[in-house]
Amino acid sequence: MNETTPIAPAKVLPDAQTVTSVRHWTDTLFSFRVTRPQTLRFRSGEFVMIGLLDDNGKPIMRAYSIASPAWDEELEFYSIKVPDGPLTSRLQHIKVGEQIILRPKPVGTLVIDALLPGKRLWFLATGTGIAPFASLMREPEAYEKFDEVIMMHACRTVAELEYGRQLVEALQEDPLIGELVEGKLKYYPTTTREEFHHMGRITDNLASGKVFEDLGIAPMNPETDRAMVCGSLAFNVDVMKVLESYGLREGANSEPREFVVEKAFVGEGI
């Protein structure tokens, strides 16, 4: 359900930002939007530290990718609900008008600057790993620098894909980048447990060539293809091997190459 109300008066919180909307997608997934600090400048794909105070008044902070693009007036986040998670056990209950802590110091490797120029850009994500790509899919630079953008998103069930599906659908009608996206963005969602028209792990669909066949495109080529990866540790490791088998090399902000991996969230109890 969507909630939207006028912004409430600020409480005394360090780096406080006010929640402007909350949506629960499944019993384990939710997204929310907050006010944006006037001083915050970030590149689409980066993350910030957000949090809440615990019972003793101490901040519980975790890294969260900004799911909204750099041009958005608000900030959006997409989160899993962990019942016993130090932060998400509290964060999942936030309501419009309440506040969170947001440290306005964005960082991250999933930025276009960390890739060499190319023709095709792949976003490879599992679960809430789609968050940085929710930002990048709405980033005009992605479509100005690449001829094609391919979003591969794998979840266990169809319901868990809904956040990404609705985002891609809305992009087509977006007044700012709808025309840029047209004909360039390809969306390839898959499930790993529930029956769906596309099934299987991203690594398997890439390694077998099934995704290329389904989309009617050429296989990966280090001369033309660039990729960004965000998921669990096991996913990151496995997909890196597949990308390397196609001749792509891992890069970084300081040394742009053919693909980059976000490792900030791996193994983090949330």
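Any Cβ shown, glycine's included, is placed from N, Cα and C.
Annotation comment: Swiss-Prot describes 12-113 as domain 'FAD-binding FR-type'. Feature annotation from Swiss-Prot assigns FAD binding site to 62-65, 78-80, 86-88, THR128, 264-270; the stated evidence is experimental evidence. Swiss-Prot lists THR126, ARG156, THR192, ARG193, ARG201, ASP238 with the feature NADP(+) binding site.
Overlay of Swiss-Prot feature records on the structure.
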residue: ARG62; record: FAD binding site; DSSP class: strand
residue: ILE80; record: FAD binding site; DSSP class: strand
residue: THR126; record: NADP(+) binding site; DSSP class: strand
residue: ARG156; record: NADP(+) binding site; DSSP class: coil
residue: THR192; record: NADP(+) binding site; DSSP class: coil
residue: ARG201; record: NADP(+) binding site; DSSP class: coil
residue: ASP238; record: NADP(+) binding site; DSSP class: helix
residue: PHE265; record: FAD binding site; DSSP class: coil
Among SER65, THR88, THR126, THR192, the most crowded of the binding-site residues [Cβ within 10 Å]: SER65
When distances run from the Cα of ARG62 (FAD binding site) to each of the binding-site residues ARG193, ARG201, ASP238, the nearest one: ASP238
Site extent for NADP(+), whole Å (max Cα pair distance, THR126, ARG156, THR192, ARG193, ARG201, ASP238): 19
Surrounding CB atoms that lie within 10 Å of the CB of ARG156 (NADP(+) binding site), all protein chains: 14
Candidate binding-site residues ARG156, THR192, ARG193, ASP238, pick with smallest Cα gap to PHE265 (FAD binding site): ASP238
Within the predicted model, mean pLDDT of the domain 'FAD-binding FR-type' (12-113): 95
Residue from THR126, THR192, ARG193, ARG201, ASP238 whose C-alpha is spatially nearest that of THR88 (FAD binding site), among the binding-site residues: THR126
Cα distance (Å, whole number) from SER65 (FAD binding site) to ARG201 (NADP(+) binding site): 23
Alpha-carbon spacing, THR192 (NADP(+) binding site) to ILE80 (FAD binding site), which is rounded to whole Å: 18
Rounded Cα separation (Å) that holds between ASP238 (NADP(+) binding site) and SER65 (FAD binding site): 22
Residue pair SER65 (FAD binding site), THR126 (NADP(+) binding site) - Cα distance, angstrom, rounded: 14
Cα distance (Å, whole number) from ILE80 (FAD binding site) to ARG193 (NADP(+) binding site): 18
Between THR126 (NADP(+) binding site) and ILE80 (FAD binding site): CA-CA distance (Å): 12
